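Undergrad: Encoded as structure tokens, here's the structure I'll be asking about.
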Amino acid sequence: MRAPLIAGNWKMNGSLSLIDTFAEALSGAELPQAVTLALAVPFPYVGVARERLPQSVRLAGQTLSDQPSGAFTGEVSGAMLADVGADMVLVGHSERRTLFGEDDAAVLARVQAALGQGLTPVLCLGETLEERDAERTEAVVLGQLEAVMEALDSDERARLVLAYEPVWAIGTGRTATPEQAQQVHAAIRARLERYDGALAASMQVLYGGSMKPDNAAELLAQPDIDGGLIGGASLKVDDFLAICQSAG
Ligand SMILES: O=C[C@H](O)COP(=O)(O)O
């Protein structure tokens, strides 16, 4: 049985004051026990978020360097993230792939760097609208998945969380229908079966892309959707908490 994970991704948004708003709301909130919450906040806020948010909330970086340390101005290592209290990190978010040129090899190197530091990589997968229209959705998503999985051993694979995020649904208000999302999630799970049945049964696969309080319950009710990676709606504490409630 896979426990639901609801992860917020603040992207390049937020402030100390927003962390305090979340700290206050989350410490008093009655949330379904089975649901785990996580927040991927911008680098400068990870440490303070760890100090102020309830310990039950997992903290994530939004990316990390593929290097352990050194002369890489502007980069942040997995060790640094772990040092300030993160235990997860997003890897291969579509904004990293498209805006910052991270290809499958770069994504793999970051997954390996995260695993090396004991962080849980949340590996993001997703197709563009052009790829969907060309009926290449599964080829693209499964290709991104295999580019990482093929290079890992079975223990490493078991430490990943996956997130399916159709690029055309991110920040656009256009959500994949529950059926469209489930179809891709099922294809991902079927591909995981090739590696290991137990891995396929246990791996959390999140959906991301304009998930909001009014569509979350239907998406989260799909058999192969194990949680959400929430962008815009994770900046409003009431919306984020409402989505968490839908996951219980
Ligand atoms: O990481 C989150 C996703 O990019 C989804 O963002 P969104 O909920 O604003 O569409």
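Quick reminder: no glycine exception, Cβ is built from N, Cα and C everywhere.
Where the annotation comes from TrEMBL, it is an automatic prediction and has not been curated.
Below are the features listed in TrEMBL for this protein:
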{"type": "BINDING", "residues": "Asn9, Trp10, Lys11, Gly171, Ser210, Gly231, Gly232", "note": "substrate binding site"}
{"type": "ACT_SITE", "residues": "His93", "note": "active site, electrophile"}
{"type": "ACT_SITE", "residues": "Glu165", "note": "active site, proton acceptor"}
Undergrad: Reduced to three states, what secondary structure does DSSP give Gly232 (substrate binding site)?
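TA: Where Gly232 (substrate binding site) sits, the three-state DSSP reduction gives helix.
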Undergrad: Please classify the secondary structure at Asn9 (substrate binding site) using three-state DSSP.
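TA: Its secondary structure by DSSP: strand.
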Undergrad: If you measure C-alpha to C-alpha, which of Asn9, Trp10, Lys11, His93, Gly171 (recorded positions) come within 10 angstroms of Glu165 (active site, proton acceptor)?
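TA: For Glu165 (active site, proton acceptor), the recorded positions whose Cα atoms are within 10 Å come to His93.
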Undergrad: Return the members of Trp10, Lys11, Gly171 (the binding-site residues) with CB less than 6 angstroms from at least one atom of ligand 1, or none.
TA: Gly171
Undergrad: Rounded to the nearest Å, what's the C-alpha distance separating Asn9 (substrate binding site) and His93 (active site, electrophile)? Just drop the number here, would you?
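TA: That separation, Cα to Cα, works out to 10 Å.
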Undergrad: List the same-chain residues at least 6 positions away in sequence whose Cβ sits under 8 Å from the Cβ of Ser210 (substrate binding site), in sequence order, or say none.
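TA: Within the chain, Ser210 (substrate binding site) has Cβ neighbours under 8 Å at Ala169, Ile170, Gly171, Thr172, Gly173, Arg174, Thr175, Gly231, Gly232.
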Undergrad: State the count of C-beta atoms found within 10 angstroms of the C-beta of Gly232 (substrate binding site), not counting that atom itself.
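TA: Excluding its own Cβ, the number within 10 Å is 19.
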